[in-house]
Amino acid sequence: SDHMENICGYLMKYTNLVTGWQYRFFVLNNDAGLLEYFVNEQSRHLKPRGTLQLAGAVISPSDEDSHTFTVNAASGEQYKLRATDAKERQHWVSRLQICTQHHTEAIGKNNPPLKSRSFSLASQGSANSPGVQRRPSQNAVSFFNVGHHRLSTGKRVPIMQPDHLVDVREMMSQAEGQQKDLIRSIECLPVSGHLTSLDQDLLMLKATSMATMNCLNDCFHILQLQHASQQKGSLPAGTTINWLEPKLSLANHFKNGAAQNFPAEINKPASVREEQSIAEPGQLTREPEEINPDEELEDVCDDKEDDLGAVEEQRSVILHLLSQLKLGMDLTRVVLPFFILEKRSLLEMYADFMSHPDLFVAITDGTSPEERMVRFVEYYLTSFHEGRKGAIAKKPYNPIIGETFHCSWRMPKSHVATDAGSNSSAHSTSEQVTLSKDLEGQKEPDYYTVKFVAEQVSHHPPVSGFYAECVERKMCVNAHVWTKSKFLGMSIGVTMVGEGVLSLLEHGEEYTFSLPCAYARSILTVPWVELGGKVNINCVKTGYSASINFHTKPFYGGKLHRVTGEVKQNTTNTVVCRVQGEWNSVLEFTYSNGETKYVDLTKLSVTRKRVRPLEKQGPFESRRLWQHVTESLRDGDIDKATEHKRALEERQRNEERLRAETETPWCTKYFLKEGDGWVYHKPLWKAVSAVQTQQTDTN
């Protein structure tokens, strides 16, 4: 090929978080199918500092910028490289891909097909042997005993008949059974001690064995296609070939240690025994609890998420995870490594999206439907930045069914932006005071209070409901979210299925809204968060709507975290406001009167939420429920965090099994099922309606 040319030049190579990026001189040797690098061009005549075999490699342009790409060798070794610009990256990527394809195809042509070999797969030794697990590379033959039998000289190899395929399938079935036995043996090891189920070598063995079996399945499928091609026209009419279906039950491997027996009770920490002995939520009181905001204290917990550390140190864990995944696979039940977990529950993350309550309560102060819609859009776009804890993609705890989270925010009334020209507040002052007295049983304070409650209302599918209200401003928001996560190759996508409704009771308006998708990009290096997709906000009563696009970064060029949107009047199709910028940086709002406003999200004041102390929380409130996991993560004790987390998950499985056996339906505490959604059991609009009815009867 004209493109099969040897190229060389300087590229930046990523080593680790300590050393960072370093310039190295790279040489693509097309004849040998090698990518080599040297310290500099002058040392090119010396031995290369590193060499990658390109046959079977995967060349992947990175989605984090337009300069970076990775070379993933079949051996598992990886080079993360960076060119000077997008054009140079494309030059290297295209040449590497051509060379890789050429040498990969050459291997297939030069090696005889499987029909000229016979395989004998038998397990040698016990899969439980620590020696086998500790030295996978040295004991591979004891796991797969592959013998190549010489054929008699001069004899022509017969074309493989269908019964030979049946023999191969049977051999592969035996191998798959041995591989599952190996995985089960590893997962039955304790989580602490000299040899554990989290041992780096054993995790690597699990990953490579799973990858090997997947590769063998693909190869067998190719073999069947080849055989069908050879036999085309010679098979009797009506003859069919049954293609191999994957026999590995990947679902059995989703929960690392699912089949593991916990150590004896006497060896468990008291906190673990406590977690497993807590009564089932259904056996506790399921009556809604009225949380007194005066019992809540300003949150002093500041769990800033740490860096992931050198990804090279965690590579075997990542490989173990990736070995279980296939493109498009639902990740709902996949247990992720602890070093990518946040120290908070998903329910608390939803609360952190409310960290600008002053902007939230100011929505109802808009003097017109247009202004209220614009204010809601401004609040909506400012909520995502603070909801994330740092730039690195980490995942909060999956809430267990029945888990709840409560908090509140207080804002001095003088700090909330209001409009002097608005008489809407004055006209309803008496009604507002009456409502506050009836609901709170006290005089109206000099601050506004926003109360928040969230509950995990379903386990399969995982659905969360959350509700927030400000009684003084007669506004509330109710939402339910079903998180659907999928494996996308080099990233993970999370779709937020559901809907939220903001109710401005003073104006009789409801605003429905949806949520964008989230992506964890570059999961093999340093993962980062990106939002994507189109969301809509709509108010039927006023006829105003907003369309917001969260743009994912294009393959070439473009900016990260870009967002654009517009607010328009549906009847006239008139755009009254446009917005552009980055959802985690600066937003620019341009209004119909020509004015422009810039909002720097990094400088917006954040109101700390108020949370009850742990000793006053119920056993199924998020912070108390996960306290031992969180404490272990803070201390860096991964083994202990794993043990506590497994205890919670095991308890949830037992409770679910008991409910199924007794045919006992799950009863939620704060949210009621209405149609396809979930609604808070005592929303503010019901209380307002009751007060208005009472005042009417009095008059």
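Glycine too: its Cβ is placed from the backbone N, Cα and C atoms.
Residues annotated as compositional bias 'Polar residues' in TrEMBL: 117-136, 420-435. The domain 'PH' annotation in TrEMBL covers 4-101. As annotated by TrEMBL, region 'Disordered' applies to 104-136, 272-296, 416-436, 637-658.
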Mean of the pLDDT scores, which run from 0 to 100, over the domain 'PH' (4-101): 87
Per-state residue totals over the region 'Disordered' (637-658) - DSSP helix, strand, coil: 21 helix, 0 strand, 1 coil
Composition by DSSP (helix, strand, coil) of residues within the domain 'PH' (4-101): 19 helix, 40 strand, 39 coil
